[in-house]
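The block underneath contains the structure these notes are about, expressed in structure tokens.
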């Protein structure tokens, strides 16, 4: 564990140095109320506790890494980054269809239990999730970045609010509209989509591309060899819950392979593959898949920006005692 902690600190410092040298420092939040080191005096061990909880969960089940990263993304896109996705109960965000296959809730709960013992009533669940998302990327050999903290937890969680989450069949235009509404530009859209370099998707989310496309029996943008592979994994009348790697050949490593796969017609989700076929986003994909790609540094900056969407600070919201329930 000491080795893991030392490696984490080293990579974080190295990342900050590299980003600084290239003039790509992660943006300081503008007026959001969050800041680096928010808990430096009130709960100085917060990042260590969260990191250890995520590491333990990852060793038990590596699928929690992409699960937590998606969870943070889905949380921020609905009512802002205020932990509403963590609430259990009827008709909460967690019960919405796009969130049914998220993984890692127990890791967030474990971290919260330990933090309540160390620093009662101090650290929000929204901050735990933001930190855990960063740690999940690092554990899959991705980049680390300083995470601004100081978020408070929301008091509303409704499944109907999740209806506008980006979907697996969205065109680039629809994705641009959804991201722009939250202050994220087209480049940040493509960069954040690169989070699909880890994780899987259920057959139900893309099987329509394999057998029943609006342009014919199958989506012609799919590489023929890859199409046959997907049809074998997801037969027309097969189990819709079967999971398929989003980044074929590199689904457990945070890298640029995802963008290379798009260029070869090997994007699993339609919303991913259109990033290559649409002229508005193809040049961005080409840049991110190049040998001199700045994907890691750009992903870190985009995550910091996304993690400040609609945050509650100051006297707003609450600090939950248990992440899955309002106080």
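From the backbone N, Cα and C atoms, a Cβ is placed for every residue, glycine too.
According to TrEMBL, the feature disulfide bond maps to 43-119 (among others).
Counting every protein chain shown, 23 other Cβ atoms lie within 10 Å of the Cβ of residue 70 (site 'Transition state stabilizer'). Feature annotation from TrEMBL assigns site 'Transition state stabilizer' to 70.
According to TrEMBL, the feature disulfide bond maps to 76-81 (among others). For residue 81 (disulfide bond), applying a Cβ distance below 8 Å and a minimum sequence separation of six or more within one chain yields 72, 75, 126, 129, 130, 151, 306, 307, 308, 309, 310, 311.
Using a 10 Å Cβ-Cβ cutoff, residue 323 (disulfide bond) registers 25 neighbours. Per TrEMBL, the feature disulfide bond maps to 125-323 (among others).
Annotation source TrEMBL lists region 'Disordered' at 149-169. Residues 33-39, 46, 74, 77-85, 87, 89, 91-99, 124-127, 130-131, 175, 178-179, 201, 205-206, 208, 269-271, 311-314, 316-320, 323, 326 of the same chain lie 6 or more positions beyond the ends of the region 'Disordered' (149-169) yet place their CB under 8 Å from a CB of it.
Summarising the annotation, TrEMBL assigns Ca(2+) 2 binding site to 197, 247, 255. Sequence-distant contacts (6 or more apart, same chain, Cβ under 8 Å) of residue 255 (Ca(2+) 2 binding site) comprise 141, 142, 197.
In sequence order, 203, 206, 207, 210, 242, 244 make up the list of same-chain residues 6 or more apart from residue 234 (disulfide bond) whose Cβ falls under 8 Å from its Cβ. The disulfide bond annotation in TrEMBL covers 203-234 (among others).
When the Cα atoms are compared, residue 119 (disulfide bond) and residue 247 (Ca(2+) 2 binding site) turn out to be 39 Å apart.
The least crowded of the disulfide-bonded residues 125, 203, judged by other CB atoms within 10 A of its own CB, is 203. When DSSP labels each residue, the region 'Disordered' (149-169) comes out as 6 helix, 3 strand, 12 coil, counted as helix, strand and coil in that order. Highest Cβ count within 10 Å among the disulfide-bonded residues 43, 76, 119: 76. With residue 70 (site 'Transition state stabilizer') as the anchor, the candidate recorded positions are 43, 76, 247, 323, and the one with the nearest CA is 76. The two recorded residues residue 76 (disulfide bond) and residue 125 (disulfide bond) have their Cα atoms spaced 13 Å from each other. Look at the binding-site residues 197, 247 and count other Cβ atoms within 10 Å of each Cβ; 197 has the fewest.
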